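Taken from TrEMBL, the feature compositional bias 'Low complexity' covers 397-420. The feature domain 'Acyltransferase 3' is assigned by TrEMBL to 31-369. Feature annotation from TrEMBL assigns region 'Disordered' to 1-23, 388-420. What TrEMBL lists as transmembrane segment is 34-52, 64-84, 105-123, 153-172, 184-204, 216-234, 254-275, 287-312, 324-342, 354-374.
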Amino acid sequence: MTRGRGTDGMPRRGTDAMPPQGDGLPRHVGALDGLRAVAVALVVATHAAYLSGSVTTGGLWGRLLGRGDFGVALFFALSGYLLHRGFLTAPQERLALGSYYLRRLARVLPAYWVALAAVVALARPPALDSVLHALAVQIYAPGSHIPSFSQSWSVATELSFYLLLPLVAAALHRLRRRRPDAPLRLLVWLLGPAVLLAGLIPGADLEHDVPVERWLPARAGCFLVGMILAEAIARPDHPITRRLRAGTRTPGPVLALGGAAYLLATTPLAGLLTLGTISGWHLGIKMLLSCVVSGALLAPVVLWPGSGYAAWLARPWLRTLGRISYGIFLWHLPVFVALYAVSGARIFNGGLAALLAIGVPVTLGLAAASYRWIELPAMRWAARRRRVPAPAPGSGDPTAADVTAADAPAPARPAARPRD
């Protein structure tokens, strides 16, 4: 077993999983960085498959790549787990929510704005669309769509989760003080209605309508999956936690279940794999299957951080990709679209191998630069503003922020001396 220090300065051992703290929550699980890498690889693969036309011409392989949008669901589950875990580890009285919001915005917006600026400079979309995207409210306006930055819808969804989570966490805390076992049961109970709600949401034409299916209510199920796991780890003796741990002790069957759900999602049951919209019960089934897939990938890591599965995800190269995965998420689609424009090749007319062979290295370079010169400085700036330890690097994207206990809302400080 190897020893060393992680990016938050805490000692690591084995698979980089810390022993649980007194509240039952591990300080850091390195395999979560690896999961970010898996999530962003799925997102990159699906956009490459759609742009090259492989989704409709590549048979089963094309359909598998086309359902890589489940990577976004995994990012949402990671955010639900990590951010809710932060509230569970933070003192619950007099929380400085300003610190929480500042950290979240600093983590997401600077890199997002730089990538958007490049897209606007090259694509020259309508001014209103540029402004709506800059404010990350494009999903609330009809037809606000920049094709080479279309993946950014999930940033808007993520920010709405950031905004509402403190209210949900405060309500759960009050419930927890009266009935300690109730919050976990409530979150599990809410998962069913959340998936059902997705099935009731009408579809939208992305070119003309408001894409309601991208709003937080339609995607709440995946966030809930992560929050459930955070609550479960905080209550190790809860009956639900015991059942979850028993069911995930051997990752193989759990991963097989996730794989089966993923395969099912490539069929028309979860909606056609086209650039059109999906609505009604197709969307509900897709959201249900995305919850199963994201839960199957995440649960064995957080419930059994010492497993071989977690050790594999904690490999250094996967963790490195996970750390820069937000930049990969932001830059891959603009790079892919630019490559088609420069080469003169026709979109939807082949070129998957060349697109990946050229586009992925370029994207990795831009993502590494984004992390080094934009994301890390922004996180450190936010930490200095609140005089609290900087969060551990290792975020992957808007949906999986680098969160340790230090990234939870900080306790409010009485009468701090003014700074220069």
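From the backbone N, Cα and C atoms, a Cβ is placed for every residue, glycine too.
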The transmembrane segment (287-312) in contact with the transmembrane segment (354-374), cutoff 8 A, at least 3 CB pairs, sep 6+: no
Considering the transmembrane segment (153-172), which listed stretch of 34-52, 64-84, 105-123, 216-234, 324-342 counts the most C-beta pairs under 8 Å: 64-84
Candidates 34-52, 64-84, 324-342, 354-374; stretch with most C-beta pairs under 8 Å toward the transmembrane segment (216-234): 64-84
Contact between the transmembrane segment (254-275) and the transmembrane segment (354-374) (at least 3 Cβ pairs under 8 Å, separation 6+): no
Contact between the transmembrane segment (324-342) and the transmembrane segment (34-52) (3 or more Cβ pairs under 8 Å, separation 6+): yes
Contact ranking winner - 34-52, 64-84, 354-374 against the transmembrane segment (105-123), Cβ under 8 Å: 354-374
Beyond the flanks of the transmembrane segment (64-84) by 6 or more, those residues with Cβ under 8 Å of it: 32, 35-36, 38-50, 54-55, 58, 154, 157-158, 161-162, 165, 169, 219, 222-227, 229-231, 262-263, 265-266, 270, 273, 289-291, 293-295, 297-298, 302, 396-401, 403, 407
